[in-house]
Amino acid sequence: MLKTLGLVFCGMLALGSVSASAQEITYPKKNITVIIPKNPGGGTDTSARLTLEYAKKYLPSGVIFVPENKPAGNGVTGLIEAARARPDGQTLVMTTVELAMFPHQNKSPVTYKDFTGLFAPIADPCSIVVRADSPYKTLQEFVDAAKKQPGELQVANSGTGAIYDLATINMENQLGIKLKHIPYSDGIGPAIASLVGGHVDAVITTPGAAKPQVDAGALRILGVMDSKRFALFPDVPTFNEALGAGTNTEMRAWAAFAAPAKLPEDVRSQLDAAFKAVAADPEFQEAMKKQGIVPGDMVGDDVDAMMKQDHELYGKLIAESQKAQ
Amino acid sequence: MSDLYQALGVVFGYEALLLTFLGTLAGIIIGALPGLTVNMGIALLMPLTFTFQGMGGILMLLGVYCGAIYGGSISAILINTPGTPASAATVLDGYPMALKGEAGRALGLSTASSMFGGLFSAVALVVVAPQLAKVATGLSAPDYFALGVFGISIITSVSSSSVIKGLIGGCIGLFIATIGLDPMTAGMRFTFGSYYLMGGISFVPILVGLFAFSQALLGIEENWIERRQPGGARKVTARISRLLPSWADFRRVLPTYLRSSVIGTAIGTIPGTGGDIASFISYTEAKRWSKHPEEFGHGSIEGVSAPEAGANAVAGGAMVPLMTLGIPGDGATAIMMGAFMVQGLSLGPLLFTEHPVEVNTIFIGLFLANLMMGILGFSGIRIFTRVMAVPRQILVPIILVLCAVGSYSVNNTMTDVFVMMIAGIFGYIMLKLDFSMSPIIIGIILGPMAESNLRRALTMSDGDFSIFVRSPVCATFLTIALLTLFLPIVGPRIKAWWRLRGGNTAGDPSAGV
């Protein structure tokens, strides 16, 4: 009797430890370096650090994540360093959508092929924002106006060749319109200030960046470039919904954890399981929402697929934009 | 009114007071160490704030923000090295004062002016935030361009020894600023296929190299000379007769305090500009309006006060667009935005109606942080000035180590350390040739602002240059810029010509402006 009880007890213990070790990361023998190729305090950095904060409980005791910001050379030097690190899971990196763009612009020798995608805590769609008192109430009205006066409407973005600029080009291609690109290379903040002040007609950015102004009724989002609506603004239509089928653009500003390519399968599955648990953690989701970020849930192969898809999309867009010049 | 009482209760709670105090102290230390900047200090301490409940963390960050801007002036005055970019202009008159044995007086004045500027901008934030917010959104690309050009025109007035050398320095600075990606077309400029250079040369390593590393090299040289000829040692005494500035000093610099505070608050309000620009503009304006412009560069008490009041006034100004529009006014407030959001404060137009207690807490916290900064500063002056008594053989190696650590920490890369060393050796040669460093710094800070806004404005107008005279703000700034640029060159000639014409010598050089 005692024996059976003991067996059952042992079994329960074993089961318990199995269910606990499902997301346990057991491979690291020393601290895991996480390269963040962006400045401390920005969106990429914040989401990376928040994720690590909730992932660290799955590490063996005595081992921690060590985030290192390496923003030199627009972050490319950090990406190169991570791509060349040994693929043993001791070095991770926070890649961004720029990894899908820079190789086509001769700005980066490394591409998505040099990395193993793990987890994308952010993938916000691009959106088009106008002033609340502007004559364009809907995306259709904006497009009609742009058709009537080609090259007249001023659309601000965060720098030529950056994602919001490419989103503008994508819009032009898909809708057959011509817009005037006004690059604000010092960031999207000044571009939004300029829109609020009425110096430009529209800004392309993520919906989160315009949230304070939209909530206050100063700005209006006309549409998001995604296949589904954005969780923070469920009333804003997608481009597809606003303009009819055939304008199914997907432009997402994402940031994703990755490891060097050729990561051993057992290391990868441990990291994937841990990140999957983080993505499902309600506390993590709450913390991300507080930062104005809609928490992403893409893990593992999905991340690889997104990286590849965007690499091809941006390759095409950038080739077209360079032909146009 | 009950909101105000509630906010007072929060700020003067035991934990909040302690956090503000610790934040300010940490800020002063971070600011005083060359290479560690305001932004870095806030980014470093930001994760800590997530663990505090309520507003404590934000109050701590406000302390770091105010403390770090002030802290930079301590090393600027004592070791001729700006602790942060915002104190680059303080070096101009702070170090000459320290060499004259007036380190205590200089620190007293800079502390008082920092506190004055900070408190002034806090009042401005409370009283006229909605009106100031219009400044933030009212300026368009041509206006930014004019502001940038106006800033660059300062070069001729900060290079007292030789205007030509100042202009050469300015061009070097402008050149350094062009390295990297072209801001408008994203083409490569002077990158030679290097991925490091693609992002441009980092500013902090250059600043640290030009000021601190070159200064350390000078120290080594002087030490070597002294050892060869014993007895020729130059001793700088730093006796401290008083901590607070004397009444006579205070009366003389009060107009400078006020003018610089207004300039700093306004500059802080404009998104994309910060303490570095505000301090240089404050310095030139102080010189322009001073009754003793000839003292500038040789230890003028107005010269040491103006940049500090201007730089610290940026703090309150930068909070204006952050709180009223949800758009950060400078790099430091951009990082702080995250801490606000963690506390569930949605910044922007709705903040004032939805979170009145928190808004009042921030207002009072900003006052408190500036007061604590002043108290810590004044009580620390005696300790700070001991640096002057440290023998060169000990001080110089410490500075060299700090230079390397500070430069490395910017991007976590050794490349920046080498950049710093090259800039330092270059700076040493420039010093030997009697160049001043400030024009180079001004070129690097303002070059990108002037360039990208010039091209943005021309994109907006389809290449039509009349866009620069249509806006009154732009036209005014460009006119002042032209006057500022050419007056130091043409001014003396006109005066000489007047004298030749028959003696109307009453012409004051600043009267024409």
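One-based numbering along the chain as shown.
The backbone N, Cα and C atoms fix where each Cβ goes, glycine too.
Please treat TrEMBL annotations as automatic predictions, because they have not gone through curation.
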Per TrEMBL, the range holding transmembrane segment, considering B:90-111, B:310-331, B:332-353: B:332-353
Mean of pLDDT values spanning the domain 'DUF112' (B:17-442): 87
Any contact, the transmembrane segment (B:145-176) to the transmembrane segment (B:332-353), with at least 3 Cβ pairs under 8 A: no
Non-local residues, at least 6 beyond the ends, that sit with Cβ under 8 Å of the transmembrane segment (B:417-446): 85, 88-89, 91-92, 148, 151-152, 154-155, 158-162, 165-177, 201-203, 205-214, 216-218, 276-277, 280, 403-404, 407-408
Chain residues outside the transmembrane segment (B:196-218) and at least six past its termini with a C-beta under 8 angstroms from it: 34-35, 37, 79-82, 85, 88, 91, 176-177, 179-181, 188, 190, 396, 399-400, 402-403, 406-407, 410-411, 413, 415-417, 419-428, 430-431, 437, 440-441, 444-445
Cβ-based contact of the transmembrane segment (B:332-353) with the transmembrane segment (B:393-411), 3 or more pairs under 8 Å: no
Top partner of the transmembrane segment (B:58-79) among B:115-133, B:359-381, B:393-411 - counted as Cβ pairs under 8 Å: B:359-381
